[in-house]
Structure formats: C-alpha cells, structure tokens
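TrEMBL annotations:
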type: BINDING; residues: A:D232, A:E403, A:E407; note: Mg(2+) 2 binding site
type: BINDING; residues: A:D232, A:E236; note: Mg(2+) 1 binding site
type: BINDING; residues: A:S429; note: substrate binding site
type: DOMAIN; residues: A:28-227; note: domain 'KARI N-terminal Rossmann'
type: DOMAIN; residues: A:224-366; note: domain 'KARI C-terminal knotted'
type: DOMAIN; residues: A:388-492; note: domain 'KARI C-terminal knotted'
Number of protein chains: 2
Amino acid sequence: MNSPSLDFETAVFDKEYVALGDRREAIVRGGRHLFDRLPAAFEGVRQIGVIGWGSQGPAQAQNLRDSLGDSVKVVVGLRSGSRSKGAAEAVGFREEDGTLGEMFDVIAASDMVLLLISDAAQAEHYREIFAALRPGTTLGLSHGFLLGHLGDVGETFPPGVDVVAVCPKGMGPSVRALYEQGATVNGAGINASFAVEQDVTGRATERALGWSVALGAPYTFQTTLESEYLSDLSGERAMLLAGVHGIVESLYRRYQSQGMTPDDAFRHSVETVTGPVSRIISKDGLLGLYHRLDGTDREVFAQAYSAAYPVSLELTAEIYDEVRSGNEIRSVVLAGHRLARFPMGKIDRAEMWKVGQRVRAERSEDREAPLDPFTAGVFCGVMMGQVDVLLEQGHPYSEIANESVIEAVDSLNPYMHARGIAHMVDNCSTTARLGARKWAPRFDYLLTQQSYPAVDDKEVDPAPFAAFEQHVIHGVLRTCAEMRPSVDIFVE
Amino acid sequence: MNSPSLDFETAVFDKEYVALGDRREAIVRGGRHLFDRLPAAFEGVRQIGVIGWGSQGPAQAQNLRDSLGDSVKVVVGLRSGSRSKGAAEAVGFREEDGTLGEMFDVIAASDMVLLLISDAAQAEHYREIFAALRPGTTLGLSHGFLLGHLGDVGETFPPGVDVVAVCPKGMGPSVRALYEQGATVNGAGINASFAVEQDVTGRATERALGWSVALGAPYTFQTTLESEYLSDLSGERAMLLAGVHGIVESLYRRYQSQGMTPDDAFRHSVETVTGPVSRIISKDGLLGLYHRLDGTDREVFAQAYSAAYPVSLELTAEIYDEVRSGNEIRSVVLAGHRLARFPMGKIDRAEMWKVGQRVRAERSEDREAPLDPFTAGVFCGVMMGQVDVLLEQGHPYSEIANESVIEAVDSLNPYMHARGIAHMVDNCSTTARLGARKWAPRFDYLLTQQSYPAVDDKEVDPAPFAAFEQHVIHGVLRTCAEMRPSVDIFVE
C-alpha cells in the first residue's frame, strides 16, 4: 500500500488539521452538541436501514436512533427467520411501527443502507444486496472486508450508489456503552475512521461524517477503504485479539514454571494487561507506562520489550502479507462454509480461564492487580511490532494509533478485564473471532520459543527498546488523548 | 478432488494388484534383486541430473548412484556458489569426474532431471528451468507443489517433456538410512508414490518406476500429481509434523498441571509417542496398539481418542481447504520472500525441549518409555481425523495409509525419538517446516481448549471410538505391513 494523501471538504461539520508526529491529518471532532447538525448532514435521507444484528448492528442502530430523534427514521433489517428478532424488539425496534423488517425490504426502502451483516454473509449475498439498492442510495460499511472480497472475485461495487465506510475502532458493545456514558461525559465514545469509496450523490462525505458523529465518535479521521481493511484485519489478527491472547497464555505458563501459583500467574499475566497496563496506556500512553516503573523494573521492562518486539514484527509482517494477498479473506470465506459442520469451539473451558473466573470473583479494592514489569514489556513490545509494520506500509498515523493502541486499551481489554477473554473475543465479528483463534497460538509459540529463552539466556538484542523512547507514536498518542476526555469504559 | 481411477502398464517391473480394504490398487514391489532391471527402465537415459541438496537431494542422489552403478551417470546440480557444494563433495560427487556441476548446465545435459530444490526456489526459477530442459527430457518431481503453484499463476508444464513424480513417504535422511539398512535387510526402505503427469517419450511410467525402485522403495503405489500434493501438503501440516508437535506440547503441559515433574511429563508425552506408540503401530497397526492395552487403560485410550478425534477432523478439514484453495502455496511463496529478513527461529530453545535433551540423555535399557494410554489415545484420535478427511476427499488407500500413518511411525517419529522435535521438523523441506510452525500451535490450542476439558468434565461423545474398531484403515495397514519386512529405522 502506498501512503494515501488524504483530505476532505465538509460544509456541515468543522474540519480541523491536527499535528500528528511529523504529519498533519484532517479530522472532525464529535460530541452531542453537534447532533443538531445531523439533519443537514443527512439531507435527502429519510430512512437509514441498519442491516444485521451481530456485534456492530445493535450498537449502531440504537446510537443512530438516539442521536437522530425524529429527523431520520432508523429501521433494522434482518433476514426472515432471524434469531435476533427478539433482541431487536427488546430494545424497541418493532414491525408495528415500521422500524423492523425483512432485510431486502428494508434495503429497497432506505436512502442509506448500513450493511452490518457478517463478512461471510456479505460474501455470500452481495449480488442480491447490490441488486436491491436503489440508484442514489448511500451504501455504508463498517469495515473494508467486502472491498477485499470483491477484488478477490474480480467484481466491483454497483456504479450508481455512494459507497462509504465508518469504522468504529472498538467492538459493538463498547460503541454502545461509551455512547451511553457520553450522555453525562461529553466526548466519551469510540473513535472511528471514515472513507468515501464512491460519491455519486455529492453527499457521501457529509453522510459518512454524520453517521460517525451520530455514533458518538469523539473524533473521526479519514482513510481509504483499502487502507482500512488492511489495517483492520491485520490489527485484530495481530495485537488487538490474537496478540493479547497469545501473550497472556504464554506468560501464564511462564510464571507458573517459575514457581507462581496458577492464581498468581493469572494476576501477573491477564490481570496486569487488562488492568493497570491498559488503564495507564489509555491515559498516559506507552511511554507513560514505562515512566511509571522504577529502576530495576524499568530494566525488566526493557528486556521483555526488546525480546518480544522482533517476534511481533515478524508475525505481524506475515499477517499483513496474508491479508494483502487475499489469503486471509479466502480463509474466512472457506471457514464460513465449514461452520455448520464445525461450529467454533469455546476458549474458556480450558483450565487457565477457569482460574480466571475465580481470580475475577476474588478481586477486591485493597488488592490491586499487579503492574508486572515483564508483562508490561512484552505487551508493549508486541504492540510496537504492529505499529512499525503499519508505519512501513504507509498507513495514516490516526489509523495506526487507533488500530494498534487505542482500540486495545479503550475497547477490548476493558471487556476482557470484566468478563474474560472468551467474552471479549466472542463479542467481535466472526471474521475477528476466526482470526483470533488462528493467530493467537502463533504469538504464544514464538514468544515461548524465541523471546523468553533469549531473556533467560541473557541474549536479548537491546536495539528495539533503544528505538522505543524516541518513537513517533508517542507524540501521536498524546495528540489523540487530548482530543477526548479520558473516560474509563464501564463494563457491567 | 474426485477419487482417481488409476492403473498403469509396465513391461520392466511386475505389477501386482493388492486388495486394500474394499478396493484393489496396482503397485510395484521393490527390492535389490530388481536393480538389474534398472538399465531397461532407464532406456534412453544416459544421465540423471539431481538438482538441489536439501532434504531429498542427498538421499536420492546417493541411492540412485549406488543402485545404478555404471549404467546411468548420476550428476548433482547446484546453483553456483551453493553452500552445499562441500557436502556433495564429501559423499563423492566431484566436478573433476563430471558428477557435480552448475544446475543449469546439469539440467541441459541430462536426459532425466530430478528437481529437488526447495519449493520457494521452484516457484522463483521454474521459467528458466523449463527453458533449460531439452525436448524429450523426463522432468521428475518429488512432490506436487510446483503443479499447485503453476495452477495458481495460470501456467503449465512445457509440452515437450515428460513430467513424472516419485514421492518417498519419508524425509530425506530416512530415505538414505533405510536404503543403507536394505543392504542387509532386503526390502528395508521408504514407500513411495508415483505419478505420470505428461508422457511424451512413452517411457515415463518405466522411468518413474525405475527411479522409485532405485531409491529403495519397498513398494510403489500410483497417484496423480494433484492428489499427491493435496495429501502431502495437508498431511505434513496436519498429523505428520504439526499434529504430533501440537499433541506433545499440549500433553506435556497437561501432565505437569496434574502433578508430574517436567521429566516425567516429557516421558509420558514425547517419549510415549516417539517410542512405544510409533513402534507398535509400525508393526501391529493402530488396532494392535489398542489391543496391547489392558482393561482400564483401554477405557482411558477410548476417552482420549474420542475427545481428540473431532479436533483433528475439524483442523485437518481446514488445512485441506487451505491447501486446495491455493492459500497454503501462496503463503509459502510469501514466506519465502520474508525469510531473508526474518529467518525461521529455533524450536528447541524452549524449556520443554531442554528437558527433552536431558530425558534422552538419561535413557537406559531398564527404563523403557511408558506406554501412556491417554497419550496413545490422543495420538490415534488425531491420526484418524486425518485419515477420515483424506477418505472423504477420495484419495487412494495407499496414499492415505502412507501419508497419515506409515510416514509418521516409520520415518518421522524415529528421528524425533533420537534427536528431538527440532531435528525432525528441520530436516524436512522448507515448505514442511513452515507448515509445522504454522499449524502445530493450532492443534495444541484446540486440544487444550476442547478435548481435555471434555475428558475432565466427562462430556466426551463416544461415537468416534465406536467407529474406530471397524475402520477400513486397519485392513489397509495390515496389507501394507505385509508388503515389507518390519525394519526398525536406525538413527545414529
């Protein structure tokens, strides 16, 4: 991918340039005070159809309805016989008042169609969906999978419609939970990227920005659909889901083999990552985490960082190659065909995650999760491996920061902290769940086979940590953090 | 893949039909007493060029030279500047006598060219290699990767040459070691499959069979190049390398969490698999292994079998899909481009494999490796998952038995028993090594997340083991075992 040179025009919202490291990027800040501009952003749109009720569907349908009030009708479209009908009804979408319907009926009747069905379903049904879109409709996606799949099968989007994307940098439940917090804390929310792939109405940018603001995004940055799907699929397969899972599995074993009890090993691996490490990075960035440590702990951190970083660089480069080549998308489509015969198994029946249930139940105010410096170093090393792969590939800084750091510490890890890994992974899309199951064991094995022996044998090359303190990402994260109040995500 | 309906004609060797389960398959038995027929098989061939010195190259070049004597000249071809030159010289291939040369010179001067360079090198250089082949040359492959790659890039073999394959069902060092044992034990050797993809000379079948007999294959069965590469790539990614690696890693952890010392856990996982389990299956088949156990142990075996089988069926089906779709071949080609920047890491620095070194060093006659029934059950369950996937896909019985069972117990596991997993994995092709590193952790995780909790929670569905005792594979293995003396592979 080449570094996209991006900018956009908006008459409805206030575009700002923010200095990010050595670049500037155009963004739009969000907030509830902008909701009165939404009718202007959605000019010409009487109905938005939200198609699908998976991870993003419930969050986006409710946020849009709450933000838009009476100005635009929000209708949920499900395939007939969908098992999600009850769930949609439970939060107020009803056939009686025309806010719930069969998906193809809703598609045909909407001026803007947000396609939030699973990637496998998109791959299977895109022809019928395209055929149901009226000319001049704005088709909205929440990530770029379909672009990748169309490229793979040699097809394109229909020429007569807008194609835009708004991609929240967090899983659906976080998009809803932080929006609700936003009622009392203005600016709470999940950042989003937007992209305009086709603009036949001349309104595509305004509609995309309106969509993002209505979802509650504290700030919205620009990308392309291709850049989005490369970074999104790679990010969840690397740091965000697979990486963090592989890290904690490998550390849980390591700490036990060093003599810790299972419960303590769980505290020093999982609880450290999802508790203090994520909380400190969210507020003070990666460098802030390092500076929180003292003397010896800083050395331990640096060793662990330098040992873990090369493994992540190697594996994330592999993941990126697999995504860009189309292999990963084809794998997801093939897996979709096998799911009826082989449903995805559970993660949390394994002994480690039963220990986790016990540890979470025994949490108390006086017993803070430890800030283990080795765990913190491994976590940051893996994170920075991904940052550097995305930098090499020319992604926008905002995208890199959100796909590598912010989504982890503000959306995913808090869910993992509250409910365990299975809950976190399994509240993401099927594509993400498949990717997490595929790549987590690879992170685990490489850390175990390469990083930890290097530490134990005192053969760690210190170069990665030496580059860490001067890294451009710290300035980028500082700017991102200034753009929204630091709200701790609340998970019941 | 459809079940190929195969047969062949040979005037030089003795074709036999053997009853395998409910089918019959045409095969050719080997043996040193047939070496005097090799000049007839290679009629028209004055020189065989063996290109490459990786896993198969050294074994095949030496076996061919020893078997052919003066009747056909065997010349090793290496790229200029190859680091393997010294190794080839050390076993008697010399520039001075024209038995060692630059690869393209050797290709152009040979009547039969055995292309045993790495898959990545084949993918990179096939155009120049095809251009160097004289019309009427017989191009020989030792597995079907190149066919898969050509399909992927939309190209074909050059029309003016024979294309045949002889694919030993073992890694190069075993092909050599068992050939040497064959000097005293007639019939010792590694089975091979053969395929004729193009026959312009009318001699392709005889040359392929001659090649296989000269390598020392106890018996040679027929396949197609497509069937070979699907089963070969799938087999090494499933049971043969990744499966066995994932099994023993997961069991080593499980036994320790149940209270065993690391050394005992290693004995009950790795030593059980590579020692008694492999030895008994080699002689008496899978059913023979089960019958070796008594009362309670049979129940433990059956539980473990039924718990492991579904995981293997699921994962091997995924692997097969990935191979057939071309994803796996593209992954190998992409990995080849990354290897200069990210060389493959070592497996055996991890703590488990250091324990293994110690355990191997402490072996003694009076301390036999234990025949742990749980380990045996998991091993057989994973093996049978692969057998059933290959059966579903219509592969010949010989191919299934060799790619799933015989190659494991007669070639790979004995090396692992002698020298550890890293030695075994790293003496296979780069393609196989990449596949082992990719898929082993998946077997490990699925066994840990699904199979073992099912056993511990007493929720194992007994259906897989119920189907085991009546399985067609047992009769196939019995016939295969009758076709060669049961020689224990000797590894220094």
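Keep in mind that glycine also has a Cβ here, set from the backbone N, Cα and C atoms.
Here the features listed in TrEMBL are placed on the structure.
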residue	record	DSSP (3 states)
A:D232	Mg(2+) 2 binding site	helix
A:E403	Mg(2+) 2 binding site	helix
A:S429	substrate binding site	coil
Of the binding-site residues listed as A:E236, A:E403, A:E407, the one whose CA lies nearest the CA of A:S429 (substrate binding site): A:E236
Other C-beta atoms that fall within 10 angstroms of the C-beta of A:E407 (Mg(2+) 2 binding site): 25
Residues close to Mg(2+) 2 site centre defined by A:D232, A:E403, A:E407, Cβ within 8 Å: A:C167, A:K169, A:S231, A:G235, A:E236, A:L240, A:E399, A:N402, A:S404
Length of the line joining the Cα atoms of A:E236 (Mg(2+) 1 binding site) and A:E407 (Mg(2+) 2 binding site), in Å: 10
Whole-number mean of pLDDT values that fall within the domain 'KARI C-terminal knotted' (A:224-366): 94
For A:E403 (Mg(2+) 2 binding site), the number of other Cβ atoms found within 10 Å of its own Cβ: 29
Chain-internal residues near A:D232 (Mg(2+) 2 binding site), provided their CB is under 8 angstroms and they sit 6+ positions away: A:H143, A:G144, A:C167, A:E403
DSSP residue counts for the domain 'KARI C-terminal knotted' (A:388-492), split into helix, strand and coil: 77 helix, 0 strand, 28 coil
Residues of the domain 'KARI C-terminal knotted' (A:224-366) by DSSP state, where helix covers H, G and I: 117 helix, 1 strand, 25 coil
Sparsest-packed of the listed binding-site residues (A:E236, A:S429) - C-beta count within 10 angstroms: A:S429
